[in-house]
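**Q** Dumping what Swiss-Prot says about this protein:
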DOMAIN    20-276  domain 'Protein kinase'
BINDING   I26, A27, E28, G29, S30, F31, G32, T33, V34, K49  ATP binding site
ACT_SITE  D141  active site, proton acceptor
COMPBIAS  300-322  compositional bias 'Acidic residues'
REGION    300-492  region 'Disordered'
COMPBIAS  355-365  compositional bias 'Polar residues'
COMPBIAS  371-390  compositional bias 'Low complexity'
COMPBIAS  391-413  compositional bias 'Polar residues'
COMPBIAS  421-452  compositional bias 'Low complexity'
COMPBIAS  467-477  compositional bias 'Basic and acidic residues'
REGION    515-636  region 'Disordered'
COMPBIAS  541-554  compositional bias 'Low complexity'
COMPBIAS  555-588  compositional bias 'Basic and acidic residues'
COMPBIAS  597-635  compositional bias 'Basic and acidic residues'
COILED    716-1050  coiled coil
COMPBIAS  744-760  compositional bias 'Basic and acidic residues'
REGION    744-768  region 'Disordered'
COMPBIAS  939-969  compositional bias 'Basic and acidic residues'
REGION    939-974  region 'Disordered'
REGION    1040-1142  region 'Disordered'
COMPBIAS  1068-1091  compositional bias 'Low complexity'
Amino acid sequence: MANIAALEPFVGKEDPVELFELIEEIAEGSFGTVYKGKHLPTGNIMAVKIIALDEDETFEDLVVEIDILNRCNHNNIVKYYGSWVKGDELFIAMECCGGGSITEIYQELNIPLNESQIAYVCRETLKGLEYLHHTNVIHRDLKGANILLTESGDVKLADFGVSGLLDKSSKRNTFIGTPYWMAPEVIENRSNPVPYDTKADIWSLGITLIELAEAEPPLSEIHPMKVLFQIPYRDPPKLKNQENYSKDFINFIQSCLQKDPNQRKTATELLKHPFVTNTKEKAVLTDLITKYRKFRAAELEEGGDEDEDSSEQEGMDSDDKDSDLKKSVGTSDRKSTLIANGSTSSLSPPASPSQRKSTGQNLQLPQIIEQQSSSSSSSSSSSLSSQSLQPQAVNKSTDRLSANINGSNTKSNTIDKKTTAAASASASSLNLSTGNLQQSLSGSGSITTNSGVGNGTSGKPTTNGKSSDDRSPDIRTNRKAGRPVTIRKTLEKRNDAVKKIVNAKLMKQQLKDIKKQQQKQQEEEEQLLKQQQKEKDDLLKQNAAKATQQQKQSAAKEEKIQKQHKVEKETLSRQQKADREQLLKKNQSDCSKQRTKVTDQQKQQQREFKDQQKQQQKQKEHEFKDQNKVLDKSTPKKLSKHIAIHQKVIREQEICVQDLVFQQKQDFQKLVDDHQNATQNLFLENKQQSEQLFAWHTQQNQQFQFQQQCQLENYQEYHTVLRENMNAEHQLAKSQLEHSHLSETNHLKERQVTETEQHIKQMTTEQRNSLKEFKLKQTQDFKEFLNKLKKELKDEKGNKKQLQQQHKEQKKQFELTLSTQEVDFQKKQARQKEEEDDILLTHQKESFKRLQDKQQNIIRDIEEHCKLQRQQFETEYTFNEEEMLIEHYRQKKALLKQQHSEQKQIYQEQTQLQYRLLQEQHKESPALLTDQHLKQKESIEEQQKERLTLQQEEHRIQQESLKKQEQKKKGSVTDLPASLASMQLEQSKQLQLLSEQLQAELATMFERHTKETQSLQAELAKAQEKLQSDQQKLLHDLTEEQKKSKLKLKSESPSCKENPLHMKKKSTGTTPPSTSSNQKTLNNSNGASSNGHHHHHHQSAGVGGSGGTISSSHNTPVLPHNMKHQRSFSTSLPSFKFDNQD
């Protein structure tokens, strides 16, 4: 009794025999017998359920039932008061429902429920189901027999023996329930684990509503095993006469009986249906309950009278027989249940009213009745052996027949022999049927009948040799207490009880064998799964090890390449530094040499210019002397002195102007020479830098090509390893799928074979049962005929011949009727066989179709999986190749970018230097011009002042001369009047000529100065145009080189536009050695420093007439001042195009 430990949390410590007094037997549930009992401490009436605890029994279902009852606290669920253990029996005290179950009511009264009664019962059951479903409980055995009524008309749900507990989000995968009320998704759990939930109870509710309306469930005329095959493939059942019912009732049943559980409504949703909302209260059921109680009371009284008569006739021997029969028939009305995964449920449907009239089934069993004929003797009844239970009932019937026919003639004796032979044949066929049933149930392993519970509740005097105190309170103790116990059992009920007892023993053995087989299969499957998992793990480990080794090798190669690259970078940077220092030294030496040469040339030119000036001065002095001589002759001494002074000033001014022009020319030549030297030096430096960059880029390209080759080789090796691993995994998966497919096909074939065998065995058992019934009817008819003959023989002894003739005629008639009945019976059997063969064929075809569909689906899944894996492998391989090409392309692009940026830097430095030179020139040239203008203004002002002074002196001299002449006139009025007038005229003429000469010389001086300034400006403009043209040519060459490199890259770039797996990645190109550290101003080497990875601001340089900017007319672009460079060089994939091209 080790399993009783599972019940300890729910079991009380009191003695149930002292707590309860049993009044009568009410019914039998899925686990035990239910009695009406009185709780002695309080005097309350309760329902006491007594269950026999066998050692072979599993207690999980008992624990589940008690746990659910203990949890539930609702008005529509049977209340639970407690549980106790006494010996090997469990006592469960629950609420007593005196109204009985709904099936008992409509079976006993032979009247189905009307629609208003059904609506009330439906509403109350829905309330109970709603509570259960909210607490995650599935009833799984909802039917009319499990819906109880109290005496006041309250509806209660009972019998949780096969219920299941759910988690919040889980579903069940067990095959439990009663076949006629079972949902399709629950039936499908026979072979495949199909999950189901609380919606299964809604289907059962719909079937119970049809049961209440029609007094039997749908498909009740079919055997329960056949129903299991037909429910999943048939349309949902409907009411037979739908015209007699309301639309709401029909619609409610349709919403319950949806084959798809997702379309089925919940209990809370169904409570809002108009069929339920418009119901009346429990007063609807009061009439039914009162009728049923009256019927039960009358039945109990009749049973008591029959017991008294039989007890007076039989005596002590019959009491002993009754006790033996109670032992054998204690489980006669147990429900046949379906068991899967160790749980039970009832199989057989309740009989219809017509069947109950003929057979007398489904009566309550508080009493066991035995009918015996008054003519049976005590010797024949006492001589019966109680070793085998099944032949016992048959032998009793034969003894009664022989006792009735004792005194007849020889013909009657022969007939009696025939009847005894038929009875023995029926007994043997019954034993055969039990054997066949055992074989059929051992083949399937899914269907059993739970009838072994009544052994402990049918009145054993002692259990396993224990004392009388340990036995449970039963009908015997009730009889001793003075309560009436009626015993009414027909011969058919006894035979059924015997069959159930035999079948229960067989079922237990079969269940044990099935469980052992299932355990073995599970162990084998677990071992196979473990082996497969081990193989998979080993493969995965090998693949991971290979992948890690390859990754390590590739990482080591990359590290070596990076180290070499760093070393090469360092060497290149050192070489570049050394080259730059050498270039700087050379440039400085060249500049110093050129400056010395220029200074020497300038000195020589100055000397030559001075010599020329001296010669010109000598010539002019000679000319002036000649002129002075002429003037001296004609003019007075003072004027000659003034003129000489004036000529000296003019000479000095001319000499200053010539010196200024010569100095300007020399300065401009110096500037031009310096500019040419600087441009040549820059050009040489740029050439050297471009050559170095070209050499560095070629080295880098070679290194990248080598890296790419190494990476491609690594990828190829990695992909070969991956292919091998994938092939191995595919082969493993194929073998596993083939193995699983073979196992499934074998399992399905075995299942088909077992199902066919079960079906054939059921057919044979049904045929045998029908034959037995037919033979029993024949024997009854024959008995009646013999009784009539006996009476006629007693009454008319003299008319033997007439009686013989009548007997022959009746015999012939009886043989004819027998032959016709046999023919009809054979035809019925043939029809039944044809129908069953058709059902079997359809079922086999459907199962074969399912097998084919499953095979096709598995093959499709395998093919799709292989295709997906191939596609993934191909895409990964192509993607890796494309990534390599893209990386190569990006690296090339980065190198080109670096080249372009370096060229830009060089060009920018050149432009900056040119702009600085032009600015210096611009600064120097206007300063010289302003100095010249100032000097010219000063000289002109001085000349004007001298002119004014000369004119004043001339005027003063003229006045003095006039005064002298007047004095002379006064002295000698008449001396030389003509000579004075002539002298005045000559003097005026000379003054005019001198002023004109001075003005002409000044005008010529201005013209010369303007011409020289214009020529200087024109030369500066030409020089600037040359510089700009050179710059534009350089830019044009750079742009053409860039375009060529772009075209080369485009021709070499991979075509990855259509690949959707490419992601946009940032280019990580290697940077060339930077030239920022050694770039300085013009005096040192090259100009301002720049960074290779950023956009630069370019400045424009131009000189106008008075310091303005000049826009070149060439097609090549001149970059404006303070403006970002418009080239972005973005490598956005998969387009592989520059965003902004020139």
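Using the three backbone atoms N, Cα and C, a Cβ is placed for every residue, glycine included.
A quick note: this is a predicted structure, and the numbers were derived from the prediction, not measured.
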**Q** List the Cα distance (Å, whole number) between V34 (ATP binding site) and D141 (active site, proton acceptor).
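**A** Between the alpha carbons of V34 (ATP binding site) and D141 (active site, proton acceptor) there are 18 Å.
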**Q** Where E28 (ATP binding site) and D141 (active site, proton acceptor) are concerned, what is their Cα separation in Å, rounded?
**A** 15
**Q** Over the domain 'Protein kinase' (20-276), what does the predicted model average in pLDDT?
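**A** Here the predicted model's pLDDT, averaged over the domain 'Protein kinase' (20-276), is 84.
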**Q** Same-chain Cβ contacts of the compositional bias 'Low complexity' (541-554) under 8 Å, 6 or more residues past its ends?
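**A** Apart from its flanks, the compositional bias 'Low complexity' (541-554) reaches 710-711, 714, 717-718, 721-722, 725.
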**Q** Just name the winner among E28, D141 (the recorded positions) by count of other CB atoms within 10 A of its CB.
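**A** Highest number of other Cβ atoms within 10 Å: D141.
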**Q** To the nearest whole angstrom, what is the C-alpha distance linking I26 (ATP binding site) and D141 (active site, proton acceptor)?
**A** 20
**Q** Tell me the Cβ neighbour count for G32 (ATP binding site), meaning other Cβ atoms within 10 Å of its Cβ, over all protein chains shown.
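**A** Taking every protein chain into account, the count is 25.
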**Q** Quick one: what's DSSP say for D141 (active site, proton acceptor), helix, strand or coil?
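**A** In three-state terms, D141 (active site, proton acceptor) counts as coil.
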**Q** Measure from the CA atom of G32 (ATP binding site) to the CA atom of the residue listed as 'active site, proton acceptor' and give the result in Å, rounded to a whole number.
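**A** That comes out at 16 Å between the alpha carbons.
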**Q** Can you count the other CB atoms that lie within 10 A of the CB of V34 (ATP binding site)?
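**A** A count of 22.
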**Q** According to DSSP, folded down to helix, strand and coil, what is G32 (ATP binding site)?
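**A** G32 (ATP binding site) sits in coil per DSSP, no helix or strand.
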**Q** Can you see whether DSSP assigns I26 (ATP binding site) to helix, strand or coil?
**A** strand
